[in-house]
Structures are given as C-alpha cells and as structure tokens.
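Chemist: Grabbed the feature section from Swiss-Prot, which reads as follows:
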type    : residues                                                                       : note
BINDING : Asp33, Glu57                                                                   : Mn(2+) 1 binding site
BINDING : Asp97, Glu100, Glu225                                                          : Mn(2+) 2 binding site
BINDING : Glu100, Gly101, Thr102, Tyr131, Arg176, Pro177, Arg178, Asp198, Gly199, Asp200 : substrate binding site
Amino acid sequence: MEKTIGLEIIEVVEQAAIASARLMGKGEKNEADRVAVEAMRVRMNQVEMLGRIVIGEGERDEAPMLYIGEEVGIYRDADKRAGVPAGKLVEIDIAVDPCEGTNLCAYGQPGSMAVLAISEKGGLFAAPDFYMKKLAAPPAAKGKVDINKSATENLKILSECLDRAIDELVVVVMDRPRHKELIQEIRQAGARVRLISDGDVSAAISCGFAGTNTHALMGIGAAPEGVISAAAMRCLGGHFQGQLIYDPEVVKTGLIGESRESNIARLQEMGITDPDRVYDANELASGQEVLFAACGITPGLLMEGVRFFKGGARTQSLVISSQSRTARFVDTVHMFDDVKTVSLR
C-alpha cells in the first residue's frame with residue numbers, strides 16, 4: 001500500500017492544506033473546512049483505489065462530502081472496478097480530518113493541519129462522534145504509563161522512562177473547563193502544562209518525536225481524532241490509549257444523544273458492548289499496514305505551514321508507515337502558473 005499510493009496520499013493532504021491556507025486568519029472556520037474537504041475529495045478520487053470513509057465529516061445526512069461510508073477513489077465507479085483483475089483491487093478504510101484545528105486556521109494560530117490515516121479494509125476503528133479520554137506518550141513509555149493511573153503516577157513513570165526530572169516534563173492538555181482538576185494535578189506533581197485551544201492530533205503525534213518538548217497528551221478530546229492519533233502513534237511505536245466518554249456530565253458539553261443512557265444505547269447499536277473499554281493503538285488502528293499523512297496549514301511543532309509565493313506555494317508534509325517503520329518529511333514546491341522564479345523560503 002505504501003509503495004502503490006504512498007506518494008498520492010501526501011498529495012491529498014497537500015491539496016487540502018493549500019485550500020485551507022488561503023483562508024488562514026480570515027476568521028471563517030467553516031469555509032476553511034469546506035474548501036479543505038472539497039480539495040481532499042477531488043484529489044482522493046484520482047487515486048487508484050476503492051476507499052471507504054470510516055471517519056469523516058459526519059453521517060451521510062449531515063455532510064455533503066467525505067461522509068461516513070462514502071466510497072472514494074477511481075474504483076468507486078463500478079464500471080472501472082469491473083476491469084480490475086481479481087485480487088488486484090486495493091480496498092482501504094480511510095479516516096480524515098481535512099482541516100484539523102479549524103479555529104487555529106481561522107485565527108492564524110499555530111498547529112492546524114490536514115490529516116488522514118489509511119489501512120486495509122477493516123483496519124481502522126469506526127469511532128462514533130463521541131468524546132474520548134486520551135493518553136499519548138513517547139515510545140520509551142509504551143506499555144508502562146496507563147490511562148487508568150492518575151496523572152501523578154504516570155508522570156513518575158514518564159520521568160523514569162525518559163530519564164528526566166518531573167519538572168522537565170511538558171504535558172499538553174486541551175484548554176477546557178472539564179480539565180481544571182487534571183491541570184491542577186499535573187502542576188502539583190511538578191510538571192509543566194501546555195494548554196491548547198484545538199488540535200490534539202498534532203500534540204499526540206509530537207509525543208512520538210524527540211525534540212518537540214512534548215512528553216505527554218492527557219485529557220478528553222474528540223473520539224474520531226483519537227483514532228487518527230492512534231494510527232500515527234502505532235506507526236511511530238509510541239504509546240496511545242483511548243477510552244470512549246459517553247456521559248455528558250463528564251465532558252460538560254454537548255454530545256450526540258441527550259443522556260448517558262441514550263449514548264450507551266447508540267454504542268450498543270454500533271456493536272460496542274463494553275462502553276468503558278480502554279483501547280490501545282493496535283486496537284484503534286488494527287490493520288496489517290497503516291499509513292498516516294499530514295500537511296501543515298499553519299506552522300506547528302512538526303511542520304511549517306503553507307507558504308505562498310507569486311504563482312505557487314511551498315508545503316511541508318509528513319507520512320508515517322507501520323510497514324517500513326519510517327517517518328518521512330516531504331518539502332514540496334507547488335507551481336500554479338508559469339513561474340520564472342521558484343521561492344525556496
């Protein structure tokens with residue numbers, strides 16, 4: 001899969017990022033998301049595959065494009081599919097977030113990016129549009145920290161695994177009222193907290209790379225983004241755990257479903273019989289081969305944002321593979337017109 005469509009999925013996230021970046025700082029988050037979705041879908045439909053969106057922009061009746069269950073790729077066309085020799089059709093599941101951190105893009109803040117994860121059919125967990133308690137940590141702490149332990153306990157373990165004093169550790173937490181006690185506990189334990197307004201996929205992935213000064217992600221965020229983060233962390237060999245949150249009282253904000261009971265019923269309809277189960281990266285991204293791709297929209301810890309010049313743009317992308325165990329940073333100059341001078345800055 002990496003050899004057949006690896007480069008093309010980079011182009012998919014690049015096109016989404018360029019489209020969103022044109023609206024960076026204009027305060028139009030919905031429009032930034034819409035153009036990213038459209039650009040991603042157009043390029044995705046040029047890839048020689050039969051893809052199925054398992055995590056996208058919502059249910060079919062809620063989203064016009066990249067909705068859950070939508071087929072994408074050249075072979076979504078039954079006539080073209082019929083001409084493919086037996087056993088040669090590439091069927092994949094796809095999780096997308098065309099503009100991760102729409103507010104970050106809209107207000108020109110760092111950390112917005114276009115992301116997707118792919119695996120063979122059945123290889124990605126079809127997470128409901130609920131919330132998820134998450135714990136991400138570097139590879140050295142894999143299997144040692146645990147989402148069921150307190151933040152204080154996990155910080156002690158992290159300190160030992162990384163051979164760092166606790167006061168040298170940085171934990172990323174989303175700036176939400178629900179995290180007030182978590183933030184207090186982390187600070188009382190001696191670690192430092194980096195609060196983010198949006199974009200916890202970037203924060204989770206940063207835990208997998210040395211030199212980002214990000215040592216853990218803790219707290220509750222969106223479940224679909226949790227699956228995308230898990231796919232990346234599986235490829236990187238990092239630690240990721242997620243637990244679905246179905247009680248509105250826990251997140252102190254709206255959820256699909258009006259009550260704890262209705263949310264449990266919805267999970268059961270989806271075949272999730274144990275709503276309190278803790279999933280690791282291998283369960284959320286269980287496929288034999290998993291690929292993750294991202295392209296910076298605004299500058300972040302890992303990638304530069306889109307930089308426009310007269311007649312073109314420059315992007316920085318990341319593609320991570322579970323099969324080759326590689327993380328490739330791709331620097332691309334896009335020439336829109338007949339450009340006489342190509343900017344390398």
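From the backbone N, Cα and C atoms, a Cβ is placed for every residue, glycine too.
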Chemist: Restricting to the same chain and to sequence separations of six or more, state which residues have a Cβ under 8 Å from that of Thr102 (substrate binding site).
Modeler: Lys29, Asn30, Ala32, Asp33, Ser112, Asp198
Chemist: Going by C-alpha distance, which of the binding-site residues Glu57, Arg176, Arg178, Gly199 is nearest to Glu100 (Mn(2+) 2 binding site)?
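Modeler: Among Glu57, Arg176, Arg178, Gly199, Gly199.
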Chemist: DSSP secondary structure for Asp33 (Mn(2+) 1 binding site), reduced to helix/strand/coil, please.
Modeler: helix
Chemist: Going by DSSP, give the three-state secondary structure for Glu225 (Mn(2+) 2 binding site).
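Modeler: Note: Glu225 (Mn(2+) 2 binding site) is helical by DSSP.
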Chemist: Would you identify which of the binding-site residues Glu57, Asp97 has the most other C-beta atoms lying within 10 angstroms of its C-beta?
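Modeler: The residue with the most neighbouring Cβ atoms within 10 Å is Asp97.
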Chemist: Want to know which binding-site residues, from Asp97, Arg178, Gly199, Glu225, are within 10 Å of Glu57 (Mn(2+) 1 binding site) at Cα; which are they?
Modeler: Asp97
Chemist: How far apart, in angstrom, are the most distant Cα atoms among the substrate-binding residues Glu100, Gly101, Thr102, Tyr131, Arg176, Pro177, Arg178, Asp198, Gly199, Asp200?
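Modeler: Maximum Cα-Cα distance: 21 Å.
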Chemist: Among all the protein chains here, how many other CB atoms are within 10 A of the CB of Arg178 (substrate binding site)?
Modeler: 16
Chemist: Quick one: of Asp33, Glu100, Glu225, which of the binding-site residues has the smallest count of other CB atoms within 10 A?
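Modeler: Comparing Cβ neighbours within 10 Å for the binding-site residues Asp33, Glu100, Glu225, Asp33 has the fewest.
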